[in-house]
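Data block below; observations after.
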Amino acid sequence: MEPVRTIDGKAYPFGRKNVDTDVIIPAQWLKTISREGLGVGCFEALRQDPDNLFDDPAYKGAPILIAGDNFGCGSSREHAAWALLDMGIKAVIAPSYSDIFSGNAFKNGILAVVLPQEAVDRLLEVAKTDPIHIDLESQTVTTPFQDRFTFEIDPFRKHCLLNGLDEVGLTLARDAAIASYEDQARESLPFLAKGIAHAA
Amino acid sequence: MAHTARTLYEKIWDAHVVERRDDGTCLIYIDRHLVHEVTSPQAFEALRAAGRPVRRPDLTLAVPDHNLPTTPRRDAAGNRLPIADPESAQQLAMLERNAPAFGIRYIDATAPEQGIVHVVGPEQGFSLPGATIVCGDSHTACHGGLGALAFGIGTSEVEHVLATQTLLLSPSKTMEVRVEGDLPLGVSPKDLILHIIGRIGTAGGTGHVIEYRGRVFEEMSIEGRLTVCNMSIEAGARAGLIAPDAKTFAYLADRPYAPKGADWDAAVAWWTSLATDPGARFDKSVVIQAAEVQPSVTWGTSPEDVVPIGGVVPAPESFADPSKQDAARKSLEYMGLAPGQRLDAVEIQNVFIGSCTNSRIEDLRAAAAVLKGRTKAANVKWAIVVPGSGLVKAQAEAEGLDKVFIDAGLEWREPGCSACLGMNPDKVPAGERCASTSNRNFVGRQGPGARTHLVSPAMAAAAAVTGKLTDVRELV
């Protein structure tokens, strides 16, 4: 995965709350067997409106999306993260995310920045005319107008994003601990540990 | 800290910690992994590219469900019929190839056990109390009805579990939804969970695992518990739980993958110890009075947009939050409804009885009880019943329920996810309404422009009979 350090540029001033992953990428796009090419289906229903934000030339190619509370709720489809990524979005800023979307974004190197509603409101205003700058190392979002908002991020996620680490590879390196758990589970929880290989 | 009173969630979590990090995140062992065709191709592809095997194929079960047409799968001569949509066919073929290539047990589209992952898991005894269960599908919360810690994951996590049989997770906060008293006659588990979501909102459980507590759940069937836990995700909670009890054990005993002999006895002893200890604390607690729950229906495009069937469409201005007002205006425009309109006067053109929320035998019995001796209204153009699995279908046919549906003018289909999300050919036409027993009334969920009203199986059957949203209690 590509390391993430700073994200700089235009931001879609979207701001809508409770945007579900069916809105981000509808079901007919889920038949793909690849992670690529979903950008054209991203926010498809909203883009039926000729005046929609996502096809507005003013924001074309913006790497940042500013959203409302509970962004990415509903279906667990990682296609939502892939679609955003394919549309060029590298960071989302919102007051909160669904638990599953937040994980999916992270696994795909999309920085999901959590800021209070007041800060998001201010950034929605700025984004209409000016770029936004996100620095992961210092955990700050800044604007050309001296705005400076700091955000919290899980230290492990930050470490992985900054270094572009592959989480599967990291966990595989813990093989001894996993094997030791399995040995112990065979004793203490045999009915779970045995699996289905024995069943007809 | 054995002396500390713990919740059901905390006990399951503690039993699955492989490693605990300083920041509190834990590497959690996953006992059961269900795989379907939509969210797995990219995970298998990544494993292949990295030359990584599946660590525990024996803890993994694959079954196709989302893309499958619900029309017959074999012709009269017994030959398999091709899938018309080339993309669906390709995705299904990928799972059929990937599962055996990685040593994973695969239930074929034409096997009698095939069905929706969340129906198949419990039915096969693959899903067990106290187990950690994942699937690349948010309705995995369903299996919490057996007392399992079950939650949906994305495709990268599917890959992670396939490769390592673990997930790196932060502990969730705990939330108690306590229901006091008894449900009124004619009120189903679906009505209850819709009512709960209406109360706490779609973000009410975010960051939390919900435990449903109270006599209502103790007395509820396993099918009902699965329905309730299924929709925990619609309240924002990644998982929902109901303590396993004698009913759970009776449901699971002798299922194909359930433990046998001495293992079964050990399992029951452990499962019995999992119930939340007296005095255990929850981070959040919500109390619901069962007597207040009525047959419920959604009016908008969020599962929290719930009113009793006797209620009216709310005015957007009635919501305190300005963004909710805005969302309500957009919802009403999409749904073609006006404030003050009575829900029980809203005509519907389609009925869908199915989905991982409501396609089990008890759901079909409830719908059939309403439809017996009746026929669907003339304005209902399309009404389908999609059993959750081949075994549910066979059971329903043994009870003659298929005859009841067919005689009433409904179509009796093959198992799958179907019109819940319309990845297969089962879609609701634009601008038309559907009384649906599924779980999401999102914009375009059942097809572009489709208008979904979420209801219970009995309510969907009642709507089929009268051609409009109807209080089923008027028909029984």
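Every residue, even glycine, has its Cβ placed from backbone N, Cα and C.
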Of the candidates B:Cys229, B:Cys356, the one that TrEMBL places in the [4Fe-4S] cluster site of B:Cys417, B:Cys420: B:Cys356
Winner by Cβ contact number (other Cβ atoms within 10 Å) across the binding-site residues B:Cys356, B:Cys417, B:Cys420: B:Cys417
Shell of the [4Fe-4S] cluster site beyond B:Cys356, B:Cys417, B:Cys420, same chain only (C-beta within 8 angstroms of their C-beta centre): B:Asp65, B:His66, B:Ile116, B:His118, B:His139, B:Gly354, B:Ser355, B:Thr357, B:Ser359, B:Gly416, B:Ser418, B:Leu421, B:Ser438, B:Asn439
